[in-house]
Amino acid sequence: MGKEPLQVLNALDVAKTQWYHFTAIIIAGMGFFTDAYDLFCISLVTKLLGRIYYHVDAAPKPGTLPPNVAAAVNGVAFCGTLSGQLFFGWLGDKMGRKRVYGMTLMMMVVCSIGSGLSFGHNSQSVMTTLCFFRFWLGFGIGGDYPLSATIMSEYSNKKTRGAFIAAVFAMQGFGILGGGIFSIIVSLAFKAKFDAPPYAVDPIASTVPQADYVWRIIVMAGAFPAALTYYWRTKMPETARYTALVAKNTTQAASDMSKVLHMDIEVEEQQPTQLTPNANAYGLFSKDFLRRHGTHLLGTTTTWFLLDIAFYSQNLFQKDIFSAIGWIPPAATMNAIEEVYRISRAQTLIALCSTVPGYWFTVAFIDKMGRFAIQLMGFFFMTVFMFALAIPYHHWTLKDQHIGFVILYSLTFFFANFGPNATTFVVPAEVFPARFRSTCHGISSASGKLGAMVGAFGFLYLAQNQDKSKTDAGYPPGIGVQNSLLLLGGLNLLGILFTFLVPEAKGKSLEEMSGENEDGTIQELVSRACTN
């Protein structure tokens, strides 16, 4: 048999962009909207949690979360996400994308609501409950990474596949923006109704009892966008590539895609007899797999790991930047709800100016420039801007230089999003065979989350001042912000090198990229469908 593509897969590859592509982007993208909302909204309310549950009488500054509690509240969702990426990635290849897709969303809905409900009133029980639900929320979010990417790549045509997968990921930007805007609305509404003096004037009265509702409403709201798309997810047919290449049912695949594409796809009746498995069907991590895709997997895991270290370390510098340019005044000069409003406003401005545009630049250019060029360019400019921030770091701390610092800082994250932050999500969904696609994407994204933990927590300690008297409360001395920035620049440089392991998938079909045309998978299916 020649290397003849299956008609149903060919029909998908050459299909014109039509309505079902956009519905798939919205259905898959709303999961990412919720993911980003849930993962990022916690940073808007951690200061408030400190004021409510860790107030110290007669202290000059408002209460803050102790370092171990802050790390747990922020980090437990990352641990859940990493576990979910590996587990649901594997399950998506075993049970099918569609069956697992609804489960992850249901977990996100239940755990978002659970995050805002706490058992007991003391700080320990509230934090324990919050951490418990945020772990399982992260677990559901983790499943969304490999499944959304795989479903979108398997539904797409080869001409615009990169843009479609990137568009799903770009919904993250809207999730961050949505979280900030919703938080602004809630805090303004409560501020108008329950006004309070600043902490410096009256420490007790500055945190009104109703402030406890503010953080709960913000974290629970993440359930709504997820719940809205649950029905549509259950109505999506299984992807044709899974049905044909993994479940080996070309008739069902043709029937499903005929409905979706509104065209007739003819497939001869399949033999009822089960054929012997294809001799070339190598297993995950077998010698054959490592020979064909080992370097690809090394490339996708290392680049995502290195990128996320830099991407998630940004939170370290945000608070210094916001305070320096006066977006967030000293905590003692505000009441609790005012502080939530100021932090949310700052995060929303950053999202609007640098985060959201970067994602959509990738969507616009990925199928013109290619994944490789965008990833290389992104890592290159991140390296340049990190070093530009680090080498003259003292210069940027001077009073008149803050705006320059903010511009360079914003450009760093613009090129993260118009660069490796988007491409590391797209590529693993394109280069592996259908039967491992979801698993390999899960492994790659879990490697990224490991990097996120290093970025968010390793650098939280590393970036502390070398002088013990100047460190944040409860932290040991570190290597300082300047050295941390130099280290991050070096890691981005490594990202450039590892990008050379990642193949270019622009304009090629998934079967060409994964080698399924060559390894006999397609030929076996064609012969099964034809021999009657």
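Backbone N, Cα and C define each Cβ position, glycine as well.
Automatic, uncurated: that is what TrEMBL annotation is.
When Cβ-Cβ distances below 8 Å are used as the criterion, the transmembrane segment (20-45) is approached by residues 73-74, 77, 81, 104-105, 108, 112, 134, 137-138, 141, 144-145, 148, 151-152, 155-157, 160, 164, 167-176, 178-180, 183, 214-215, 218-219, 221-222, 225-226, 228-229, 232-233, 236, 260-261, 315, 340, 343-344, 347 of the same chain, each at least six residues removed from its ends. Annotated transmembrane segment per TrEMBL: 20-45 (among others), in sequence order.
The feature domain 'Major facilitator superfamily (MFS) profile' is assigned by TrEMBL to 24-507. The domain 'Major facilitator superfamily (MFS) profile' (24-507) scores a mean pLDDT of 88 in the predicted structure.
What TrEMBL lists as transmembrane segment is 100-119 (among others). Sequence-distant contacts of the transmembrane segment (100-119), counting only residues of its own chain at least 6 positions beyond either end whose CB sits under 8 Å from a CB of the stretch, comprise 31, 34-35, 38, 84, 88, 91-92, 125-126, 129-130, 132-134, 136-137, 139-144, 147, 151, 215-217, 219-223, 226-227, 229-230, 233-234, 236.
Here TrEMBL flags 163-190 (among others) as transmembrane segment.
Taken from TrEMBL, the feature transmembrane segment applies to 213-232 (among others).
Long-range Cβ contacts of the transmembrane segment (349-366) within its own chain (Cβ-Cβ under 8 Å, at least 6 residues beyond either end) map to 162-163, 166-167, 169-170, 172-174, 176-177, 180, 318, 327, 374, 410-411, 413-419, 421-423, 426, 506. Residues or ranges marked as transmembrane segment in TrEMBL: 349-366 (among others).
TrEMBL lists 372-391 (among others) with the feature transmembrane segment.
The transmembrane segment annotation in TrEMBL covers 403-422 (among others). With a cut-off of 8 Å between Cβ atoms, the residues of this chain six or more beyond the transmembrane segment (403-422) that come close are 166, 169-170, 173, 303-304, 307, 310-311, 314, 317, 321, 324-325, 350, 353-355, 357-359, 361-363, 365-366, 374-375, 377-379, 381-382, 385-386, 388-389, 396, 495, 499.
Long-range contacts of the transmembrane segment (442-463) within its own chain (CB-CB distance under 8 A, at least 6 residues past either end) are made by residues 71, 74-75, 78-79, 81-82, 85-90, 92, 142, 145-146, 297, 300-302, 304-313, 315-316, 424-425, 428, 475-476, 478-481, 483-484, 487-488. What TrEMBL records for 442-463 (among others) is transmembrane segment.
Under the heading transmembrane segment, TrEMBL lists 484-503 (among others).
Taking Cβ pairs closer than 8 Å, the transmembrane segment (484-503) reaches residues 295-296, 298-300, 302-303, 306-307, 309-310, 313, 316, 371-372, 375-376, 379-380, 382-383, 386-387, 389-391, 393, 420, 427, 431, 459, 462-463, 478, 513 in its own chain, all 6 or more past its ends.
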